[in-house]
Amino acid sequence: MTPGALLLLLLGVLGAHLAPGARGSEAEGRLREKLFSGYDSTVRPAREVGDRVWVSIGLTLAQLISLNEKDEEMSTKVYLDLEWTDYRLSWDPEEHEGIDSLRISAESVWLPDVVLLNNNDGNFDVALDINVVVSSDGSMRWQPPGIYRSSCSIQVTYFPFDWQNCTMVFSSYSYDSSEVSLQTGLSPEGQERQEVYIHEGTFIENGQWEIIHKPSRLIQPSVDPRGGGEGRREEVTFYLIIRRKPLFYLVNVIAPCILITLLAIFVFYLPPDAGEKMGLSIFALLTLTVFLLLLADKVPETSLSVPIIIKYLMFTMVLVTFSVILSVVVLNLHHRSPHTHQMPLWVRQIFIHKLPLYLGLKRPKPERDQMQEPPSIAPRDSPGSGWGRGTDEYFIRKPPNDFLFPKPNRFQPELSAPDLRRFIDGPNRAVGLPPELREVVSSISYIARQLQEQEDHDVLKEDWQFVAMVVDRLFLWTFIIFTSVGTLVIFLDATYHLPPADPFP
């Protein structure tokens, strides 16, 4: 190799050793060797045996994934923010070329075993063991991400107009309060933060829930929930007070239920002769049953309370059931006749004469009451008629038109027969009718009686049909009132169920 090539190679080696990056890596390597010489990651970083290690616990919420009401489980994506001081990992930056922080793997340093106590899946670990940031003064900061499934007791009384108070309880699993003391997280200004932190730029909104309050609190239970008798373990509890967005249930459940209830109400507006009263009522009842079965998979299986939407569905189902029963009553009244039922006087007084005035019903007058009386027949006195004196007396003594064919008396139709018999026999038995005329009059009176009976039968049947129509209209207004009042009472109660203005009143 020529002398020039050797000179270039020597200059390259010297430049590599004198480069700033190389010096920095060597300085950091030497610092690591110095810090971890004799370091034990299983030993608590306390200067004295009785000293406590202060651990600050913060929580950054990245996403409220879901709240499973049936399993009473809340899923969240969070970042833990743990800060403590390890005096063994401190140095003077001036002695190490200005290095003021290091990134060290989590397996190499002591970590406070802070876990989620109320987890619902048995997973106590974080999602990723990221590096710990170590500052020159010995302060440690670890921000591992995690997807937690925590238990959340669901209050279903006002579902779907409800709000829930879900908690995430963190504590050191191995150390009690005499060894590790917890406190809530610190803000960038160094002040204690009393709530869950949410970064507005990266937070993912939930389509079903909105966060109302997110406070945190340090709790010192008097009894160790894990059964340890050595000492109390402090807990930091993060609260998420969330309110449900009810639009989905309003559109897909409540609005169809109200429409089905309207169908059940208008069953009573449908004429009984239409033949679809029972079909429409049963259709509404079956539809509500399907809605009830669909909601059964949404709410927790608890006997502590009944959700308000289930109350409304049951209320509607009871009304629809009664509409089916009352439709049977209306159809029974509609198809009654004088041959099968006799109308009591109180039924006639209430449902024909009194109630229609208050229900806006007006029965049309019979046509016979609107017809004018036919003109009376003038007496005949024709000597050539050939009928004789008895015939003349018959026409002279002919009674008014409603005597031979009296106006119907639906209560006492039998009274017309004696009057007609007295007319045929005549007031004076000395005055008689010819046999031919008596036979004609007898036939006419028989036809008149048959027509009268048929007319009375039709009138009484129309009375039953009118009673059925009055009862139908009475049920219509009754159901409108009950449905309106019941719906307002049920849902107005939910409007007053609001999250508290102060999370800790």
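Just so you know, glycine gets a Cβ as well, placed from its N, Cα and C.
The cysteine that Swiss-Prot pairs with C152 in a disulfide, picked from C166, C257, is C166. Within the same chain, the residues at least 6 positions away from N165 (N-linked glycosylation site) whose Cβ sits under 8 Å from its Cβ are Y239, L240, I241, listed in sequence order. In this structure, N165 (N-linked glycosylation site) is part of a beta strand by DSSP.
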